[in-house]
Amino acid sequence: MSFLFVIEVLGTAAFAISGAFSAMQKKLDLFGVLSLAFVTAIGGGTIRDVLIGNTPVTWMRDMTTPITILAATLIALAFNRLLKNLKYTLFLADTVGIGLFTVIGIQKGISVGLHPGICVALGTMTACFGGVVRDVLLNQIPALFHTREIYATACIAGGTAYFVCDSFIPDQPADIIAIVVIVAIRLIAVRMNWQLPAVKE
Amino acid sequence: MSFLFVIEVLGTAAFAISGAFSAMQKKLDLFGVLSLAFVTAIGGGTIRDVLIGNTPVTWMRDMTTPITILAATLIALAFNRLLKNLKYTLFLADTVGIGLFTVIGIQKGISVGLHPGICVALGTMTACFGGVVRDVLLNQIPALFHTREIYATACIAGGTAYFVCDSFIPDQPADIIAIVVIVAIRLIAVRMNWQLPAVKE
Amino acid sequence: MSFLFVIEVLGTAAFAISGAFSAMQKKLDLFGVLSLAFVTAIGGGTIRDVLIGNTPVTWMRDMTTPITILAATLIALAFNRLLKNLKYTLFLADTVGIGLFTVIGIQKGISVGLHPGICVALGTMTACFGGVVRDVLLNQIPALFHTREIYATACIAGGTAYFVCDSFIPDQPADIIAIVVIVAIRLIAVRMNWQLPAVKE
């Protein structure tokens, strides 16, 4: 539990910092930077909660997430340059973050009785759609949809692993296995420079 | 019933293909094309469901819609050129689609006790706002808002017909009449090149 | 009550007119202008309601808001030039509007048991996020996030005043005090040309 809690905080912080940096690049003001950090960090989970009717949405019911985001944004503002040298650390936090958030999304889907395929979609949205909201607000086509990176794809693979595990390997922790699959695929894909196939018009 | 089911599948497929084509035009990757097909097809109904609190939203509760979208997207990817020769067929499927989706939206509004005027707005959003989400994600001003086409206007007219029917012609099927009105107005408008009045600044 | 009702109608109208004007500037068609007027006026409250699960969302349950928006849009279309001479009046209506809408959002947050900090965020979103939706639909980065104006900041300050009041000055009307704080800060900030600090990348 405690270990997953650490991952959740790190993942949330990584998302917030990514939002804050994108906002700074586009020369937003202080309120804009804070807002972008927030929507990037809570966007995916919020879309999930709204779609399944889990309201008030999760981040409103506990101050851990808002405080994490606020702290991460202040750090991004104050230690801007320093953080840019921690690029790989932030990438790792983002990676374990999408692993955990995918699993959380899947489990919420299961808890309201949705089909496994829908649960995987819900998990992927939880992990990835904060960045989509960030890019829409910054007036650019969401990176998630055109960079050909293995990002959402890793979440879909991990989500599938979750249900395979759950059905065929009863005594294993499907959540941990799914996170490991997502992190592994993401890390290998970046290292190997794997890309989604291009789509020809 | 079965006939309306066929229309629903055709309309959903037409929406998905429109989303996939727009995504390909903007050179999105495979995940982007699939995502755009999805949001275009389910965007309007999702906004409706979220606004009235009908959650988990409809497309998550039955696999017909997701499978239709997935199949339509694969067809769009594989038979790209062929489909472009079926432009008029797709236009017809889109047209009966907005007719049916408007009526579905109206009936959901009635079922939660909303005012007829709000129900018409809800039906129009159900039919038309998937395209709005598609355009926002592709970083362009929604076509629905500036092309001066008779599209949402046809839905509003058909929605009004629904309630006129319901109040004054008790034994007629308001739903079928509304769909016919929407399809007729849309077809005539395109044929006659009718446009909304320009708005001067 | 009646006085607050007048403010609500004026604020809604000011928001709708701002949306209609922005839409006209971008050369949207008639349906686009009407849609933008609507989303600008009801966007903030809708986001609030959806996040806390207060559905069907407020504007759908009473015809006052839709009729106000419709009337304001028609006035914006018909008396375009005249209204542009009333710029300061519209600014004042917008200002008392964000004051009231912030308080309404806070009170809805309290009614579902949220933390004061979340309530302030909810109030600020209620007041300010209609303009965010407007700008996203018009394909521009939301003004709220980059103009450095004291706008959301005034709402945050007034929201904080609400809870300070509520805790320490028991017999005072926290709602009126919060509105006064918001209006005062906004007016003084514009007069004095106060700005948020720039954020350096």
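Note that Cβ sites are derived from N, Cα and C of the backbone, with glycine treated the same way.
Residues or ranges marked as domain 'Glycine transporter' in TrEMBL: A:6-79, A:92-165. The annotation transmembrane segment is assigned in TrEMBL to A:32-51, A:63-82, A:88-106, A:118-138, A:150-169, A:176-194.
Regional average pLDDT for the domain 'Glycine transporter' (A:92-165) in the model is 97. Long-range contacts of the transmembrane segment (A:32-51) within its own chain (CB-CB distance under 8 A, at least 6 residues past either end) are made by residues 12-13, 15-20, 22-24, 57-59, 65-66, 68-70, 72-73, 76-77, 101, 104-105, 108, 122, 125-134, 137-138. Counting only same-chain residues 6+ beyond the ends of the transmembrane segment (A:88-106), those with a CB under 8 A from a CB of the stretch are 4, 7-8, 10-15, 17-18, 44-45, 48, 119-120, 122-128, 151, 154-155, 158-159, 162, 175, 178-180, 182-183, 186-187, 190. Note: the domain 'Glycine transporter' (A:6-79) comprises 61 helix, 0 strand, 13 coil (DSSP; helix = H, G, I, strand = E, B).
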